[in-house]
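A short write-up of the structure that comes next.
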Amino acid sequence: MSNKELIIETENLQKKYVTDTVETTALAGVSLRIAKGEFVAIMGPSGCGKSTLLNILGLLDNPTSGSLRFSGQEIAGASERQRAKIRKQNLGFVFQSFNLIDELTVEENIGLPLAYLGVSKSETERRVTEAMERMGIAHRRSHFPQQLSGGQQQRVAIARATVSNPSLILADEPTGNLDSVHGREVMALLSELNEQGTTVVMVTHSPSDAEYAHRIVNLFDGQIVTENMNIRKHATELL
Amino acid sequence: MFRNYFKTAYRNLFRHKGFTVINIAGLALGLTACLLIGLFVHDELQYDKFLPEGERVYRVYNDISAQEAGSVLAVVPPMFGTTLEESIPEVDKVVRILMLQFDANNLVEVGDKSIYEKGRFFADPEFFEIFQLPFKYGSPEKALDDPSSVVISDAFSERVFGDIDPVGKKVSLDKQPFIVRGVFSTTERFHLPVNFVLPMAAAELPAERMKSWGWQQFYTYVKLKEGADSQSAQAKFRGIVAKQIDEDTNQPYKYLPFLQPLNEVYLYSAGFKFDQSIKGNITYVKALSVIAIFILLIACFNFVNLATAKSLQRAKEVGVRKAIGASRSQLMLQFLSETVLLTLISVIFSAALTSLLLPSLNAFTGKEMDFNVFTNPSLLLLLIGLTLVVGILAGLYPAMVLSGFQPVKVLKSAVVVDSTVGRIQWLRHGLIVVQFALSIFLIISASVVYKQVGYLHNKDLGFNREQIMFFQMRGDNMFTNHETFKSELLKGAGIKDVSMGYGFPGDATAGDGVIVPRNGEQVRHATTLLMVDFNYINTLDIKLVAGRPFSKDFKTDADQAFMINETAVRELGFETPEKALGQTLLWPTWDNQDSLREGKIIGVVKDFHFKSLYDKVDPTVLQIYPGAYVKVAVKMDTENVAGSIAHIQGVWDKFSPDYPMEYIFMDDNFEKMYKAEDKLKSLLTIFTAIAIFVACLGLFGLAAYAAERRKKEIGIRKVLGAETSSIVMLLSKDFLKLVVVAALIAFPVAWYAMQTWLQDFAYRIDIPVWIFLAAGIVAALLAFVTISVQAIKAATSDPVRNLRVD
């Protein structure tokens, strides 16, 4: 494990929110190492800081203190511009509430990251078609998000998250708004992507979803309380 | 990428139809108002610009305030022209135009055709060298050299000769023969109401009079040499003028001559006396420009407000795009493209609307403005520029707010709590306040203009101008036998009285000095002289404050009696009207300047307004003077006006069969004085209505948004038993507070602006307080009704559904 190349390495990561009267500590010194190709689930009760951690790992937010290295590069305190650059080249996001843009079709939503990367039109079309086929939603390409079921919407979101071939996918309760059948479908897709080499970091409440991960990180009050290897998963891998 | 932006933009506009319609309607309306005003203002600025080398041409005017308070004269003495030409090295050419009544009719006869034409100019031969009007026939060279030549306008030519080249043809003007030397074209905007030009020689002015420094009778224009400095020419000229001695007083003239650039003559001559040019008014041009900017601002603010109000709905999109890797500048560009697209649609609508409305504006203003994007590429360029400027102006702030959202804050939760929201709220309220302050300002201004214009039309002028027919005497017979003419007229059944004279209300009057002998000294006073007959006071119903009117019963009244007005009582230094009676006045007669008419003051009339209410009533002296009778006023019964006119026509034909009869009614003539104000009133009303409508449109959208945002709150309140009325109040209260603040800002500004405008009038209303209150109440009511529509909708909706939303 430790000899593998690290994609994310945090050191004593802290995040504090200050309002007029109260200072809330969301993360109180989190040190976490995630290797390339790993599938990590972050669990914990509401308010434990898991979403905050995911946002920081996804470069959507800056930590108050501590160190955050992405592929060995220190980016704690980087500017929004730098973070945006790394985001669009390396990261893909999957959200609980899908967060598709209502005004864009399935196809356009999926193509959006490529547009921001400046990928050519023909190349975009090719990769979008490929992503849609992989997710089994090619027949819905010209539909708008509201015309799709929740499971389909999340598949569009995953297609969008993967279309630019990111090295890391961050998923925030990806099954939270889905029924169990669609939830299992989505988890199977994430597993598949992970098996193809993409690192996945997922925040979840659901123990059954966590089962898909190699490693489960338990957070409580902004600190890592336990880190467990997923025996079953490793066992299957070992088999 | 842009395709993507526009696609999102288009779909967004389509999805939020309500907002889109409000935005486009508001912007399109605002832009239309702007375009119409812009066209009008542009046209006003075009006067005299077409004249080649016009930038070297200056009008000479004379400020004689040091002599007569507030007098800036558009006319100058003949020696001004002579001196400028001979003694000022910067001057290349000079033209003098004799001041006559340019709107007086002149009889034109060709063959058996005989019609009246206005716009007769007597001018020096340099006229067409200084005003290089394009010639349709003939050529300007030497066109005015021969005293029998006349150069006519194309319109004149068309009316008199039809569609032929009239050069070399004979034409009789007021029974004198002339030969047409050329035809100039009058399609361009020229400030002189010239219709035909005669050589100065044809006016047969005595050579002696042309050497006068005191006879203010000539419009004078100079053309400077290329590169010459007008300021230095003006300074040199002032030096010469200052040395001229007035023979009457033995003092130097208190003249201050100015060289006014030609391109300022049309707009910047509002207060000039004896100015008969076609005039615009820079105040009105500026006022309209300001209104245009107001309306555009209100429309842009609508956009800013609605876009920022709506921004939370788009926060998620911003978050997603940012998470995916969009940079802030890319997002700003996206939102700006949206605004520009919206503006473009509005501009297209407003261009169509402008084309549709322009004919009405043309009819209303008497202009011939053109708005055709297809034939005028600069207009197209202007519209594109307008789209970009308005789009970016209106879109910049919302784009900054929207693109500033932090993805981490907007992606997760349904409710966005962002530190910018409070600031936006503040800005939004600020903009509503500005919008309503502008609207209230416009309501007050329009009301004050309405009142003042009403006052101008309805003020008791101190005489009766109703049912008075007014015409100029024509033909030798009529002049020679004017007493018989008058008594013939009086025989008509419906004729109540007839007066002849020179100096009727609304018509030309003579300014001249009278002398008051006091303690052995002779003090000269500038006054207006009204040359009247025995019927004048009765015909016009002028009130007396002391003494008696002219009467044939007193033999001396014919040439040894004066009447004066109340102002003259004060200015000539007779403490009271009663004390003025019996005092002696001296007047150098017009037939012979060396002979003084000496007479007593027999009566004092109440001040009456024979000029427009822009001017203060001058000290005025009335006297019987048949030598100056040129105009006739006939007072008629309201019954059988047609019969009275037929009678007058009959008498006219008996005395002057060679001349067609023409007449006006005195009240019509007076109404015309306030044409500019009437138009200002109408324009102000229309544009105020547009401004308020656009502002209410924005409020309507915002109220809809507020109702939407507070749906849950309203639901809870209703479940707890709130009445519809209390919910309407809840939603309206916030907005109404803003209207009150707006009113407090608008009141002093409007008061100051209108007070300044009213200063132009010698006679004006006091701005009543109720206008302010009414304007505030009207604005508040309109706002309340607008908001109520939304509030009632929200208050009567099903609370259960609203509570389920989250």
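Here the Cβ of each residue, glycine as well, is placed from N, Cα and C on the backbone.
Automated prediction, rather than curation, is the source of TrEMBL annotations.
Bear in mind that the values here come from a model prediction, so they are computed numbers and not experimental data.
Database features, via TrEMBL:
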- B:20-238: domain 'MacB-like periplasmic core' (DOMAIN)
- B:21-41: transmembrane segment (TRANSMEM)
- B:284-304: transmembrane segment (TRANSMEM)
- B:290-406: domain 'ABC3 transporter permease C-terminal' (DOMAIN)
- B:331-358: transmembrane segment (TRANSMEM)
- B:378-405: transmembrane segment (TRANSMEM)
- B:426-450: transmembrane segment (TRANSMEM)
- B:683-707: transmembrane segment (TRANSMEM)
- B:686-798: domain 'ABC3 transporter permease C-terminal' (DOMAIN)
- B:735-754: transmembrane segment (TRANSMEM)
- B:769-792: transmembrane segment (TRANSMEM)
Stretch-level contact, the transmembrane segment (B:284-304) and the transmembrane segment (B:735-754), CB cutoff 8 A, at least 3 pairs: no
Segment proximity, the transmembrane segment (B:331-358) to the transmembrane segment (B:683-707), 3 or more C-beta pairs under 8 Å: no
Three-state composition of the domain 'ABC3 transporter permease C-terminal' (B:686-798), taking helix and strand from DSSP: 95 helix, 0 strand, 18 coil
Candidate ranges B:21-41, B:426-450, B:735-754, B:769-792 - greatest C-beta contact count to the transmembrane segment (B:331-358) (under 8 angstroms): B:21-41
Most Cβ pairs under 8 Å with the transmembrane segment (B:21-41), selected from B:378-405, B:426-450, B:735-754, B:769-792: B:378-405
For the domain 'ABC3 transporter permease C-terminal' (B:290-406), the number of residues DSSP places in helix, strand and coil: 100 helix, 0 strand, 17 coil
